[in-house]
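Asks: Could you have a look at this structure, given as structure tokens, before my questions?
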Amino acid sequence: MSFRRALYSVFLYLILPIVILRLFWRSRSNPAYRKRISERLGFVTNQSELPVIWLHAVSVGESIAAKPLIELLLEKYPTHRLLVTTTTPTGSDRVISMFASRVSHVYFPYDLPDAVARFVRTMKPDLLIVMETEIWPNLYAKCQQRSIPIIIANARLSDRSTQSYSKIRGLVEETLLRVHTIAVRAEADAQRFKALGAKPEQIEVVGNIKFDVQLNQQQIKAGKERQQYWGANRPVWVAASTHKGEDEIILRIHQSLLKDLPELLLIIVPRHPERFDDVDQLCMSIFDNKNSYMRHSLKKSYDGNNVSLILGDSMGELQSWYATADVVFIGGSLVNTGGHNPLEATALNVPVVSGKHMFNFDDISHQLADEGLMTVCDTESELTEEVRKWLDENLSNQQKVEFVQKSEQFMQQHRGVTARLDRLISAAIDMK
């Protein structure tokens, strides 16, 4: 073990009690955080004799992005067991809801030497695929020791992340050099990985797997059916994946728009389920007329045109809400969170608006903006007017048709990343 990795490991052991306490703290709003803690320490069981392909997707967004890749792996490698790990309970719930018993699921182990050793010794994976960019020195060292190839899929590095990693460049470089393939989204990501020590021969530019988004036709149908309750011709906008500090702004914008568009409906969908109750209280305090506000989980039918605000307090139904929308706001962009994936809305041919903090999706948001499919707004007033523009009843059918054509063409041009990853995965598995 290098001196750098030894220091890193000592630091992790020192903060482990705080990390465990934080799980219990977070369990106050989501009890799932205090369950299955042993898995995070590497105490797992392998109930299958089949060889294992291990895919890690940290949370909900990564799990959704990985769905086409997981489906491909299930089809192509029926003699392997697919193990999917996540870090968050919401990610766990999403994996289980999407794949049920078709995959195995446990929590990702903390990057402690003994935890990752137990985990890898028990699961014996033939391959580790890490979605997005997660750099774990002890895990990657253990995989290299056991000749387990590692692929970082859909890899990205922002300028901010690169600057942070550069402060511990020595540790990051020795960790990256243990990776078989770094499959990056764009050339800019490739250059940033090289700046941190990765070798050119490790890096493949394959594009962004999020363009291979799979539409759920059942959800789309459910959304269209739901729409009939409140009136199919009503203008609708969706505020998706909102974070603390954004809901007040969105509701203020909605109040402003209602003055000119009294039939307007807003569906607000918080990113994290532990915030549902807080956002519910906020909605009730502002829209105190019981007939104008509704919490989705508490009422299955809708009281027609009286409803002007719905709280979408369920997980895994975002596409059903998008299917009803004239325009979608992407949350995490009015606060310094970095935004969320706008491509599900684009795949459904819905215009997208956001705040200025889209640094987690810089490349995608710029591409969408260049095509006129998304607008990044600097101010609340600009966001208000941009939403109003897409709700304008004077928007011609020709403009709507042209938008649909542009969005479909844009998505089609960028699809195919899963197939390119398949080639890299096949090469890695052939090494075993």
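FYI, residue positions are counted from 1 along the chain as it appears here.
Cβ atoms here come from the backbone N, Cα and C positions, even for glycine.
Under the heading domain '3-deoxy-D-manno-octulosonic-acid transferase N-terminal', TrEMBL lists 35-213. Summarising the annotation, TrEMBL assigns active site, proton acceptor to Glu62. Positions annotated as site 'Transition state stabilizer' by TrEMBL: Glu132, Lys210. Taken from TrEMBL, the feature domain 'Glycosyl transferase family 1' applies to 241-397.
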Asks: Using a 10 Å radius around each Cβ and all protein chains in view, which of these recorded positions has the most neighbours: Glu62, Glu132?
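Replies: Result of the Cβ crowding comparison: Glu62.
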Asks: Note down the number of other Cβ atoms within 10 Å of the Cβ of Lys210 (site 'Transition state stabilizer'), including every protein chain shown.
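Replies: Its Cβ shell of radius 10 Å holds 23 other Cβ atoms.
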Asks: Per-residue pLDDT averaged over the domain '3-deoxy-D-manno-octulosonic-acid transferase N-terminal' (35-213) comes to what?
Replies: 95
